[in-house]
Structures are given as structure tokens and as C-alpha cells.
């Protein structure tokens, strides 16, 4: 072999090693429930964490903007549609959250189902999402306090310290010391312990809920149905159904806090039950409160008289109830506090999860033995969040936050499909024991034949359905691979379809033949990918929560998320690209070399008991179901796991 061929061979080996490292998956072990964090959170705690994170100040701030500028009274439907889209994503999170009770939520799920590099990118975006969320809410909290003093804090700061970034769209007009201080206080609360944090959150969330219910009841007292029915006041659809859909895109971000429930999975007592139930209950309660609050607001005053920045205070002032303004102001502060706490709690757990896996500096994952919280990560990123709230405008923070959220939702939905169509050999999760075939047992078939008959259904996961196993091309694809490729492909088709639909909408409206043909082509691609998925056997034997209607719900969730992503400003995409580039630099310089999965031995369940001298190469892999763990032993272990879950 020549020197050039040797170098080429080494380059190929190096490239193969890098690709293998980027696609390695996080291995789940039997001690998955063991954690240095304290498992102390109940379903009640998780539900109120989700409610507090979602409801925040959305009722007081977001509702006025959607009603006045986008949808009018039909904002009620906007919240319903947005809640439905959020529920699709929440179901995907609940399935993984119940199965992988670890901090990190979407990061961990992606690492387990897809691979290390994609998991890192999603985790990096989650850090950005919650970091910006905490900073923007801190700015809103400061603004709410300042409004109680008629702007005296802002004016006094500018007068004594001066402008920080006058007329700048990025830098704040003045240094916001109130936002900086409240950020530090909240991160100190989080560092003091998970249970103390949840007790703090529970009290503030319940107070906020009481205030919202009071505001809703008072609003119904001043209701005037003519605000919906009188055409002179705009009617129910003043901007048409298109305005309602535009409002949905904005309202969707009122529900993103449900992810905090999954983030807290490593500190939940019974995550397999608490996460699905808490997520569904929190989303239902929040959706109901948003809808009722919007009904009350739009019945009190015509939508044209709604104030985008102070919707309820101004509405009550219009009806002569000035005293309610004070109650609303305090409710806003309580709501903002719970929202800030939810974002701060989530970002520190995401950092802890990535540091624990070696993808971020390990010191960030240090857990204090007394508080059982990642105090170093909390301190470092608490200061970063506080500094951002001190320096940057809230608009800059909020618009950057949305895209990271939607990308995480999209990948988690894809991961659900991938896991559901994996072969049984690739599946890392505990499965239900297969039931005895009564007809076989009754017919006197020997035990060995019965075992082979029983194990067949599990071994069919990811393979073509029996009636379709003659299909060309697909019949030659290994189990689970066709659905995997179809999932990746459908994401590409969805992105292409939405890109033409939203960016090229004017061409479609004008009947441009090329735009119509592209949409037909991309739609056909989505249908073909979906048909490939459902042509294969689906794994429905998990012992934890399983979302219904897979792959319909995950595909629909991906489509909705991508549509919303395409509506974002192009500058937001540029900022995301810069953030991801920084993350990739960190990953290839540090994470890929320090990942704990790098030093984990390869595990081949089929060969674990083999002691012969023959080489176990691809010829062994072709044996598939001939070399496999004995079924009775697997049933015993499965029953033990199931009993363990039931006793928790």
C-alpha cells in the first residue's frame, strides 16, 4: 500500500470515527431512577410548576396584544387552536418524560433516540430558550413594578446614571437594576432546594390563579354581548379567520412552559405517572383560564378599545372599576414571578443534564450534598441571566426565544416516531411481557415452540406488516430503518412545503404554476413517507405512558411547529445560526471528547453469553431472532419491573 493510500485510509477511519461519535446514543441502565438530585416532587407540584410557567403574565399582557392587533374577540379560538397545538407537543414530551425520568427533557430524549450531536444541538437551544425566557420575564417584572410608580424608577435611573443604549434596538435604554435584582433572588431560591422552590412556586401560582378567577368573574359582571354581535363594534371576526390564525401563532407561546414539567422529571417521586397526568392537567387548566379571560375582556369593552399593554386595568377603568387595577397589578407580579421561576428552574436542569453527560464542563453539574441542587450551574447561568436582563430590551430577548422552542418540539415529535418503529434489538426501554398464546398451549405444542411463537410479535417491531412483506425495496430494508429514513424525509418535505406556503404565498395566490407544482410534489412526499411509516409494525408494548395515534399526532405536531417557525423573522434565523455555530465549536472542542458515552463499552445483548472462539461479525448479526435471550427469563424481569412501577 502506497503512502497516499495509507493517508487516505487513515482519513476515512478518522471520518468514520467522528460520524460514529456524533451518532452514538445515550445508553439507559437499570439504575436510571438513581440520581444525586432529590426525588421529592409530587404530581401536584409538577402541575402547579407547569401552570405557573405557562400562565405567567400571559393573561395580563399577551391577551391584550392578540385581541387588539390580531384577532379581536376571535382570540378565544386562537387560544383554543394554540392549546391544541401545544397538546400535540405535550403528548410527545409526556411519552418520553414517563419513560426517561431524567433532567434535560428534549435534550435527553433526542440523545437517547437519535444521537449525541442532535441531542447537543437541542440541549444548546433549550439553554438559550429558558435563559432568554428568564431574562425577558425579569424585564417584564421590572416594568410592572415601574408602572405602579408611573415610570419613576426608569426616569430616575436615566437621570442619575444616564442612557445605556439610546435609540438601540438591542441594548436597553437604561440599566435595569430591578430586573437584575429579581433574577438573582429567583436563582437563589432555586439553589436552596427543589422542594422549597416548588413550595414557593405553589403559593405564588395559587395566588395568581385566585386573582385571575376574580378578574374573570368581575369581567363577566360587566359583560355586554353587543361587543361580539354588533357589526359597528367589529363583530366576532373583525379581521376575518386569517386574523384568528395569526393570533394562534402568537398565543402558542403562552403554552410553552409545559416543558418545565418534563425537565423536573429527575426530581419527581413517580415520574411515569406524574409527568403525563401533570402535563395534561396543567394544559387543560391553563387553556380554560386563557379562554375565560379572553371572553371576559372582549365582552367588557369593544376590541378596538383594548389596551395592548394594560388590557384588563384599562378595561375595568373604562367601566368605572378603577380599584380593580390594583388587584390586577399585584396579580401580574405574582404571575411574572412564577413564570420567571419556571424558566430559571428549567435552564439549570438542562445545564445539569448536559454537564452530567460530559457534553458541557463537568463542574456545571456539581450537586451540593445538602441542597441537592446543581449550585455551580445555577450560580453561573443565574449571573448570565441577570446580566442579560440588565442590558437588553425585552423585545430582543423574546423574538430570539421562540425558534429554539419550536425546533425542540419538532425533534421530540420525530424521536417518538423513531422509537415506536425501532426493532426490538435497538429498543432500550422495558417492554410488557408477551401473553401466552392460549390456542397454542391448548393444542399441546411443546414449550420451545410456544416460546418462539410468543416472541414473534416483539420481533416484528419495525418490520413490514405481514400482508405487505412483498413490497419492493422496503422488503430489503432492515427492521426500523425504513421508518427512520421516512421520519427524516418527512421533516425535509414539511420544511419545504411550509417554506413555499409561507414565503411564497403571494405566488400561490396568483396561481404561479411552479409554486403549485412544488406544493403538490412536497405534499406527495409527505404522504409517501407517512404511508411507509404505517406499513410497518409499531411498538405498543411499553410499560409506561404511550401517546395515542402514532404517527398521526407526531407528524401533525411537526407540521404545526415548522409552520410557526417559518413565520419568524429572518434575523431570528441568523441569530439561531450564530448560536448553533458557537455550540458546535464547543461540542467539537470539548463535548465530543469528554462525553461519558465515549468510554462506555459496546453492549450486544444477543452475544453476551457467547464464550466460543469464532469471530462474531456480520454473519452473527444475520441470525436475528435465532440467538436471543430466553423468553421466560425476560418475562420474569419484565414482571418485576412492572411490579416496581406499580408500587412506586
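Here, residue 1 is simply the first one shown, and the rest follow in order.
Glycine is treated like the rest: Cβ placed from N, Cα and C.
Some features that TrEMBL has for this protein:
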- 545-595: domain 'Cationic amino acid transporter C-terminal' (DOMAIN)
- 75-94: transmembrane segment (TRANSMEM)
- 106-127: transmembrane segment (TRANSMEM)
- 177-196: transmembrane segment (TRANSMEM)
- 203-223: transmembrane segment (TRANSMEM)
- 243-265: transmembrane segment (TRANSMEM)
- 323-352: transmembrane segment (TRANSMEM)
- 373-394: transmembrane segment (TRANSMEM)
- 400-421: transmembrane segment (TRANSMEM)
- 482-505: transmembrane segment (TRANSMEM)
- 511-535: transmembrane segment (TRANSMEM)
- 547-567: transmembrane segment (TRANSMEM)
- 573-593: transmembrane segment (TRANSMEM)
**Complete:** Best-packed against the transmembrane segment (177-196), counting Cβ pairs under 8 Å over 243-265, 323-352, 373-394, 482-505, 573-593, is stretch 373-394
**Request:** May I ask for the residues of the chain that lie six or more residues beyond the transmembrane segment (373-394) and have a Cβ under 8 Å from a Cβ within it?
**Result:** 37, 127, 131-132, 134-136, 138-140, 142-143, 164, 168-173, 175-177, 179-180, 183-184, 187-188, 190-194, 344, 347-349, 351-352, 355, 363-367
**Asked** Out of 75-94, 243-265, 323-352, 400-421, which stretch has the largest tally of CB pairs under 8 angstroms to the transmembrane segment (482-505)?
**Response** 400-421
**Message:** Which residues of the chain, 6 or more past the ends of the transmembrane segment (323-352), have a CB below 8 A from one of its CBs?
**Reply:** 37, 49-53, 55-61, 103-105, 107, 123, 126-127, 130-131, 133-134, 137-138, 140-141, 144-145, 147-148, 182-183, 186-187, 189-190, 197, 200-201, 204-205, 207-208, 211-212, 214-215, 218, 257, 259-260, 263-264, 266, 312-313, 316-317, 360, 364-365, 367, 373-374, 377-378, 381-382, 385
**Message:** Is the transmembrane segment (203-223) in contact with the transmembrane segment (400-421), using at least 3 Cβ pairs under 8 Å (sequence separation of 6 or more) as the test?
**Reply:** no
**Asked** In the same chain, which residue numbers or ranges, 6 or more beyond the ends of the transmembrane segment (243-265), come under 8 angstroms Cβ to Cβ?
**Response** 41, 45-47, 49-50, 52-54, 56, 58, 62, 65-66, 70-72, 74-75, 77-79, 81-83, 85-86, 89-90, 93-94, 96-97, 100-106, 129, 194, 237, 271, 275, 278-279, 282-283, 286-287, 290, 339, 342-343, 345-346, 349-350, 402, 405, 408, 564, 567
**Item:** Distant-in-sequence neighbours of the transmembrane segment (106-127), which means Cβ under 8 A and at least six residues beyond its ends
**Value:** 21-26, 28, 93, 96, 100, 259, 262, 346-347, 350-351, 353-354, 357, 359, 381, 403-404, 407-409, 411-412, 414-416, 418-419, 428, 576, 579-580, 583-584, 586-587, 591-592, 595, 597
**Message:** Averaged over the domain 'Cationic amino acid transporter C-terminal' (545-595), what pLDDT does the predicted model reach?
**Reply:** 89
**Message:** So if I exclude everything within five residues of the ends of the transmembrane segment (75-94), which remaining residues of that chain have a CB under 8 angstroms from its CBs? That is, six or more out.
**Reply:** 63, 66-67, 105-106, 109, 244-245, 247-252, 254-256, 258-259, 261-262, 275-276, 279-280, 283, 286-287, 290-291, 294-295, 298, 409, 412-413, 415-416, 545, 547, 553-554, 556-557, 560-561, 564
